[in-house]
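This report concerns only the one structure given below.
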Amino acid sequence: MTKYVFVTGGVVSSLGKGIAAASLAAILESRGLKVTLLKLDPYINVDPGTMSPLQHGEVFVTEDGAETDLDLGHYERFVSAKMRKSNNFTTGQIYESVISKERRGEYLGKTVQVIPHITSEIQAFVERGAKAIHDGKADVAICEIGGTVGDIESLPFLEAARQMSLRLPAHDCAFVHLTLVPYINSAGELKTKPTQHSVQKLREIGIMPTVLLCRADRPIPEDGRAKISLFSNVREEAVISVWDVDTIYKIPEMLHAQGMDDLICRELDLKAQPADLSVWAKLVYEMANPQHEVTIGMVGKYVELTESYKSLIEALRHAGIHTHTRVNINYIDSEDIEKEGVDCLQNLDAILVPGGFGKRGTEGKIAAIRYARENNVPYLGICLGMQLAVIEFARHVANLTKANSTEFDPQSDQPVVALITEWLDREGRVEKRSNDSDLGSTMRLGSQRCPVKAGTLAHRIYGAEVNERHRHRYEVNNTYVPQLERSGLIISARTPNEELPEMMELPSSMHPWFFGVQFHPEFTSTPRDGHPLFSAFISAALEHQKKLLKSKLHKGKT
């Protein structure tokens with residue numbers, strides 16, 4: 001029978017509940033347990049798909065096509081299991097389900113209320129999500145509740161967790177509370193009062209934390225932990241210090257060294273083998289001891305909040321681990337390029353344009369792509385980054401000078417990128433959309449397999465088939481592909497049914513490494529395995545760096 005660990009947060013948000021939950025899951029998995037994770041989001045949106053990245057951060061896409069919270073990306077990077085749609089749900093989904101049941105008459109005329117109807121629905125969603133992977137036989141389900149204790153939005157979720165802990169047998173439920181212990185410079189000490197108040201608020205709801213994770217910028221001394229224990233009524237050995245580190249991949253070892261996994265196993269009466277965190281130790285060692293260093297220019301429009309590109313940033317770091325390279329990322333606002341030109345792109349080892357939506361900043365991205373193409377700088381375009389690479393090539397090489405996307409110009413004379421109105425989803429069902437369709441869940445979403453053209457760079461990277469996750473509405477327009485191909489562009493993969501371009505590249509005679517993909521490869525990269533595309537990209541950056549250095553040395557001699 002599955003046992004549950006609820007992870008809550010207090011004092012402030014963004015303390016790292018997702019990292020804490022994923023790290024605990026990684027330790028338990030290393031002990032031979034089957035672990036799954038759930039994210040319970042208190043916002044009323046049905047999913048984060050229509051939310052601005054500047055508000056919410058990245059939207060992580062699961063294999064089965066769900067638009068979910070970015071924490072699910074952390075989950076997949078820390079454990080071996082792949083998350084599903086039911087591993088993330090929101091207040092919006094809960095109310096949508098309850099209201100649908102009420103309309104169908106399932107409540108038999110009763111007054112529908114937060115307690116018991118909403119809280120019971122939350123519990124049903126939790127139990128369903130816990131069965132989503134491992135053939136429904138997970139040993140432990142770690143459930144992260146979004147927001148902080150005291151938020152009105154989180155109360156139904158906390159109440160549902162409290163009810164669930166009462167309903168389940170003894171030793172089947174534990175609570176982990178992550179809280180802030182701030183350091184006050186003027187006083188020269190860590191302050192425990194916010195943690196005390198946060199735990200007090202949790203106890204008022206009826207929840208007693210099993211473990212306290214105390215977040216600070218430095219390790220909390222023993223006397224500080226003892227004080228927190230005394231005033232919070234949590235055993236001292238269960239007060240765990242979590243401090244700032246240079247990489248999140250150090251967190252599993254940090255928690256294990258303080259015995260957190262033993263505490264949880266005892267509380268849940270789990271019989272597990274000793275933890276083996278050697279894979280994490282190796283990753284941390286590789287990150288700390290690189291043999292090379294490159295600088296990648298990431299040209300986007302959400303760069304002021306790097307959480308917007310969380311999986312992409314991590315994928316580049318994973319590639320660095322697997323190529324023994326320190327990867328520095330220079331975040332460049334594409335609107336700055338529109339105002340000030342491309343001088344900021346000089347001295348970069350490679351350029352990457354990530355996915356995005358809307359017209360703002362696109363001409364700056366196109367200018368960056370042109371710079372990369374004309375100066376032989378390795379280029380990787382992802383989703384919109386591929387579409388813009390096609391537009392740039394069409395305008396400046398294929399003599400389609402008015403080339404554009406109907407996303408930016410619905411009346412474009414040369415729509416080399418356009419809205420596709422009908423396609424088959426990953427299950428083979430026909431999906432349709434138009435300009436008047438709702439924005440939510442009207443994209444090509446989830447994994448899709450495609451054959452890869454032999455003899456291409458794509459084939460060298462992926463082999464005969466690619467299976468990656470998608471999130472986009474617009475596609476390269478097949479009407480213009482013959483003209484683009486006559487000008488040298490290579491379409492190296494197409495969807496098997498609609499034959500829509502999935503990957504594009506330039507031949508080595510035109511550019512040493514110029515590559516675009518319609519999908520999002522960052523969603524399948526993990527620190528343990530890396531990802532072949534990002535490893536190839538970093539290798540291309542290293543090769544470009546060597547050529548530049550050789551050229552400079554040659555010029556110096558002459």
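Cβ coordinates are placed from backbone N, Cα and C, and glycine is handled just like the others.
Under the heading region 'Amidoligase domain', Swiss-Prot lists 1-270.
In the three-state DSSP assignment, the secondary structure recorded for Lys193 (CTP binding site) is helix. On its own chain, Lys193 (CTP binding site) has no residue at least 6 apart in sequence with a Cβ closer than 8 Å to its own Cβ. The CTP binding site annotation in Swiss-Prot covers Ser13, Asp151, Ile152, Glu153, Lys191, Thr192, Lys193, Pro194, Thr195, Gln196, Lys227 and is backed by sequence analysis.
The UTP binding site annotation in Swiss-Prot covers Ser13, Lys191, Thr192, Lys193, Pro194, Thr195, Gln196, Lys227, and the record cites sequence analysis as its basis. Neighbour density for Gln196 (UTP binding site): within 10 A of its CB lie 16 other CB atoms from the protein chains shown.
Sequence annotations record features per position, and here Swiss-Prot assigns ATP binding site to Ser14, Leu15, Gly16, Lys17, Gly18, Ile19, Asp71. All protein chains shown were included, and the count of other CB atoms within 10 Å of the CB of Gly16 (ATP binding site) stands at 19.
What Swiss-Prot lists as Mg(2+) binding site is Asp71, Glu144. The DSSP secondary structure for Glu144 (Mg(2+) binding site) is strand.
Taken from Swiss-Prot, the feature domain 'Glutamine amidotransferase type-1' covers 295-547, and the record attributes it to sequence analysis.
Annotation comment: Swiss-Prot describes Gly356, Leu384, Gly385, Met386, Gln387, Glu407, Arg473 as L-glutamine binding site. Sequence-distant contacts of Met386 (L-glutamine binding site), defined by Cβ-Cβ distance under 8 angstroms and a gap of at least six in the same chain, are Val476, Met503, Met504, Gly516, Val517, Gln518.
What Swiss-Prot records for Cys383 is active site, nucleophile, and it gives sequence analysis as the kind of evidence. According to its DSSP assignment, Cys383 (active site, nucleophile) is coil.
The Cβ of His520 (active site) has 23 neighbouring Cβ atoms from other residues within 10 Å, across all protein chains displayed. Residues or ranges marked as active site in Swiss-Prot: His520 (among others).
Positions annotated as active site by Swiss-Prot: Glu522 (among others). For Glu522 (active site), the same-chain residues lying six or more positions away in sequence with a CB closer than 8 A to its CB are Ser311, Leu312, Glu314, Ala315, Ile382, His531, Phe534.
Here the candidates are the binding-site residues Asp71, Gln196, Gly385, Gln387. The one whose C-alpha lies nearest to that of Ser13 (CTP binding site) is Asp71. Counting only same-chain residues six or more apart in sequence, the Cβ atoms lying under 8 angstroms from the Cβ of Leu384 (L-glutamine binding site) belong to Val353, Pro354, Gly355, Gly356, Phe357, Thr362, Lys365, His472.
Considering only the binding-site residues Ile19, Lys227, Gln387, Thr192 (UTP binding site) has Lys227 as its nearest partner by CA-CA distance. For the region 'Amidoligase domain' (1-270), the model's pLDDT averages out at 95. Taking CA atoms as the reference points, Ser14 (ATP binding site) and Gly385 (L-glutamine binding site) are 29 Å apart. The number of other Cβ atoms within 10 Å of the Cβ belonging to Ile19 (ATP binding site), over all protein chains shown, comes to 19. Distance between Cα atoms for Gly385 (L-glutamine binding site) and His520 (active site): 11 Å, as a whole number. Cα of Lys191 (CTP binding site) to Cα of Gly18 (ATP binding site): a span of 24 Å.
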